[in-house]
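Asks: Features from TrEMBL:
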| type | residues | note |
| --- | --- | --- |
| DOMAIN | A:88-178 | domain 'FMN-binding' |
| MOD_RES | A:Thr161 | FMN phosphoryl threonine |
| TRANSMEM | A:9-30 | transmembrane segment |
Amino acid sequence: MEKNSTKAMIITLATIGIISAILLTFVYQWTIPYIEANQEETRRIAINEVLPTAEEINQVERESQIFYEGYDSSGNRVGMAYQHSGGGYNGPIELMIGVDLEAEEIIRISILNHQETPGLGARITEEEYKSNFAGKPFGDYEVVKTPPSKTMEVQAVAGATISSANTTRIVEEAVSMINNAYGGGS
Amino acid sequence: MSVNAKQLISDFKNGLWQENPIFRLVIGMCPTLAVTNTMVNGLAMGLATSFVLISSEIVVSLIKKLIPGDVRIPSYILIIATFVTFVDYFLKAFYPSIAASLSLFVPLIVVNCLILGRQETFASQNPVHRSFADALGMGIGFTWALLLLSAVRELFGMGSMFGLQILGDWYRPMVIMVLPAGAFITLGILIAIMNVIGKNATNDTTCH
């Protein structure tokens, strides 16, 4: 068979493709349990962070969204956690938000995944920024560059206004998703 | 035999300095500039690229005679992509935090021209042992260059090294260093320094 014939080319590429696919199937099957366990673990830590008083977490599905209801040891619902994502400065930001439905307040937020600039936007994962949302009532927030003077103000991370504003918007969206699913909270 | 060993050593050393992918050949700039904002990222990217480079040079060198010339580039890309996908899954499974911070730059190793370039200029024309020596040298050369670049950027940009705070509160971080512009500035200055060192080295040898 001539080396550069069309047949030879097709056979070569098909063979490499098939061998590659077989090898990657094994790699996939080997790694996927670890990958899923990692994601599960990240989610569990995040839920614990945003619902610190919850002893037991129940996963519920409402309006085709997954919510995590947190209960304390005596069976009272202490809060709800919800995972939401949106665009950041460099890529998607994925966060977990914990809310108190009765008080209509955010308890805490936790950043699961992000690709923001290290040293700048990446500081949305630090307590200084996240604490902005602790105890905030539901509603629309305003991102400001100075220490907040009103309840609905959120202080941006210095030098990372876009990351801060986008995270704030994701939080607002998450709150309205929860509100929709749980009938406006009232 | 000794000629053979000498050949191998010179193949290996080639990538470390003389034809260092970053400071000499100036190829593979996309990951170089994008992920060297922290030392952990720089090191991880260097090692991941080295693994892909070594594995694919070995495979390409082994099967080079079976690949028709007209489809050699797509064949190389398929082989490279296989190893890159392996690295991607491996990092996600065992080093999730590194996988998260490198994110889409891991799949992008497929199109790193350093890797394709070495298949075309070296592995496809040389035996396996020489290709391995070349890949190892190029891989280490790429890794140390990324590490140096990220060390400078992390130290000046955040005052830390490998995430450990080195410089105290008195130091005001130069934020530009962790931004893309800082990558260009650092790379330019480092290449200038390398050129001066390279020039002196050649002058020394001619003096003898």
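For all residues, glycine too, the Cβ spot is worked out from N, Cα and C.
Explain the structural surroundings of these features, please.
Replies: Confidence for the domain 'FMN-binding' (A:88-178), expressed as mean pLDDT, is 90.
Sequence-distant contacts of A:Thr161 (FMN phosphoryl threonine), defined by Cβ-Cβ distance under 8 angstroms and a gap of at least six in the same chain, are A:Val143, A:Lys145.
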Asks: Check A:Thr161 (FMN phosphoryl threonine) against DSSP and tell me helix, strand or coil, would you?
Replies: helix
